[in-house]
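Swiss-Prot annotations:
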BINDING   CYS16, CYS18, CYS36, CYS39  Zn(2+) binding site
Amino acid sequence: MKAKIHPKYHQAKARCACGNEFEVGSTSENIRVEICSKCHPFYTGAKGRLVDTTGRVDRFKKKYGLS
């Protein structure tokens, strides 16, 4: 392996939009995610209650007449 070409590896803090924080290994020091295992419907068991902040689901339903 060549010396001094690899990025530095950090224990990074990942912050979710819901406020949850957890540590992961990454080349970045801070990571921001929109959804994590604390707020994702698959892990919480809340089917059909996904928070849609941009209105994409509503626009899709309106466009295809699914609402």
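Quick reminder: no glycine exception, Cβ is built from N, Cα and C everywhere.
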* Check CYS16 (Zn(2+) binding site) against DSSP and tell me helix, strand or coil, would you? => strand
* To do: Restricting to the same chain and to sequence separations of six or more, state which residues have a Cβ under 8 Å from that of CYS36 (Zn(2+) binding site).
  => ALA14, CYS16, CYS18, ASN20, PHE22
* Structure fact -> In this structure, the one of the binding-site residues CYS16, CYS18, CYS39 whose CB has the fewest other CB atoms within 10 Å is CYS18
* With a radius of 8 angstroms around the mean position of the C-beta atoms of CYS16, CYS18, CYS36, CYS39, what other residues of the same chain does the Zn(2+) site pick up? -> ALA17, GLY19, ASN20, VAL33, GLU34, ILE35, SER37, LYS38, HIS40
